[in-house]
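Okay, so here's the structure we're looking at.
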Amino acid sequence: MDDKNERELQQANPLFVYDGRRMRNLSDRKYTDYSSSVIFSKTNRTENLPSIYSFIPSSLTHVSVNKLKCAVNTIKWTPDGRRLISGTATGEFTLWNGYGFNFETILQAHESAVRAMCWSPTGNFLVSGDNNGLIKYWHPSMSNIQIINGHNESVRDISFAPFDTKFCTCSDDGLVKIWDSKDAREENVLKGHGWDVRNAKWNPIKALIASGGKDCAVKLWDPRASEIFTLHLHKNTIFTVKWSNDGLYLYTNGRDQVLKVTDLRTLKTFTFKPQGKDITSSAVHPFRDDMIITGNSIGEINVYQLFVSNPIYTITKGHDNVIWSAEFHPLGHAFATGSLDQSVRFWTKSGQRMSQKSPNQTDFESNESDLGESSEIIPGL
């Protein structure tokens, strides 16, 4: 049956339905690609990202406080983003829900203040360090696996290599140590800092470690050998060093009130405009290497764009006291800060909505009223 006869048959008999058994002419059809709003990119094409302003978590969504109030020294999201773990001055881990930001559970993790935490790249275990120099391994269920007497002084930072088998720690004893995580064995000791080492980060791509501390020097290390190079960038204690996600840029900040970024390929440094207050914490966006958020000694939060001197956004009353820790959610839509004011605060992008339906709840378990106008904040979870 040709197209003309088929058309005549359909006009004569409206009930006739094409059954797919007859050959029809091929034709191109246009479809709407809905995945572009969900999938970041099939390749790492960062130039296709929306404006940086659409990524700024400027809205305070929730303030979380322990029943027994104490300073929050460090915070870490779980790799799946379902929970945030806060390490406190009393040695406790407090777990907060990653969607509603409510309290979930609390456990006594250390006998002294928790100073550092880091997840392994695969998310199989968590490593934490305390004020007594102890290093502990934790299963994702928060059961303690291993205890190491790592340093003689407080453990200040922990950072994993791009794989699970190695990690580094730094301490107030002036040392950076390399550990075999499988055997819980010390592999190498990197000496060179003349004072307390406050931060050490393993490059996410290369066999390279950056560290900084009270001696005002940023040192680059080969974890298999010793010091490679020293950068004299700051005039006072360095609080934080952070690598960009591609491992090409190194962000440093400290008590000299300045944030700097160094290009690893040329060792050229760009200085952002001083804030006038000690910069005590920082975090790089998980998708945008050109976006970094800092917290300072008066509780102010500033958002910077790479190679732009002034902050592109400022939250003047982020906390009531110094911000010791800042972390982006793994998906980048939310941001958390921990402070000496004894609270953990959760920030989301302005205008986001949060459905009353739990992300773990299936569609048939909820009713349509959950999606009405009365729901509050964060979509996409």
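Backbone N, Cα and C atoms are what each Cβ position is placed from, and that goes for glycine too.
Curation plays no part in TrEMBL annotations; they are all automatic predictions.
Note that the structure is predicted; figures quoted are calculated from it, not measured.
Per TrEMBL, the features are as follows:
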DOMAIN    67-139  domain 'IFT140 first beta-propeller'
REPEAT    72-97  repeat 'WD'
REPEAT    107-138  repeat 'WD'
REPEAT    148-189  repeat 'WD'
REPEAT    190-231  repeat 'WD'
REPEAT    231-272  repeat 'WD'
REPEAT    316-347  repeat 'WD'
COMPBIAS  351-364  compositional bias 'Polar residues'
REGION    351-381  region 'Disordered'
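Sequence-distant contacts of the repeat 'WD' (190-231) (same chain, at least 6 residues past either end, Cβ-Cβ under 8 Å): 153, 156-157, 159-162, 166-178, 237-243, 245-247, 250, 252, 254, 256, 262, 267, 269.
Across the domain 'IFT140 first beta-propeller' (67-139), DSSP helix (H, G, I), strand (E, B) and coil residues number 0 helix, 40 strand, 33 coil. Counted with DSSP, the repeat 'WD' (231-272) comes out as 0 helix, 21 strand, 21 coil. Note: the repeat 'WD' (148-189) comprises 0 helix, 24 strand, 18 coil (DSSP; helix = H, G, I, strand = E, B).
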